[in-house]
Amino acid sequence: MEEEDGGGAFEDANGETTMTTPLSAIAEAFEELSRTVGKFNINGCLDDCLRLKPFCDACSLVSVLFGCLGIAFKFAEYEYCSKVRDLVEASKIYGTLNNILDIDVKNDTVKTHGSLSRNLRRVRQGLDLIRALFKNFLSSEYCTLKEAASTAYAEVCAPYHTWAVRTAVSTGMYALPTREQLLLKLNETDESAEKEMRRYIEASLPVIEYIDKLYVRRNISLDW
């Protein structure tokens, strides 16, 4: 997955040129996934609604965010990106997220290192980490990116990481960019970043919950 730099431009229905940024592209992609999940939930087709390829396409866009956070999230970036790449390859064979869980359940490899079900679980954690980080970033409770990121990591990923990884992440937090530097990297203002982050927060949650339900419906715990 190659990182994007700053976004691009496109013409809207009125012929006006509009800039797209990494954040806006991510928010739009997850809004589409969220609409898909919501539509099929209404129709009662929970298991087969989310196709693997568009899910991977949306998740690939998120990699740029980990890159912008620097060394503190280097482990998360590596783990996330490698797992997404594996799922991209799997999308050439399997149609839906449901399919890859069915295969691993059948082969008793759901929690096996390198299995697609395990990879999906780690990607889901990456999406939730960004969601929690955005939520904290927009909260007046946190004055710095370090505070926002540290709390998000502690809530979402730390319970599943080894002591060595937690220590490395904690040390790397001191090298995080400032809020202003992060906005500059993302080509956003305070106002535009808030808008796009809120879009992602709202749109990603139904997708994350949908993934969790795929495991729960198969009596697979979520504490791993």
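Each Cβ is built from the backbone N, Cα and C atoms, and glycine gets one as well.
Here the domain 'Glycolipid transfer protein' (51-188) returns a mean pLDDT of 92 for the predicted model. Here TrEMBL flags 51-188 as domain 'Glycolipid transfer protein'.
Counting residue by residue with DSSP, the domain 'Glycolipid transfer protein' (51-188) contains 106 helix, 2 strand, 30 coil.
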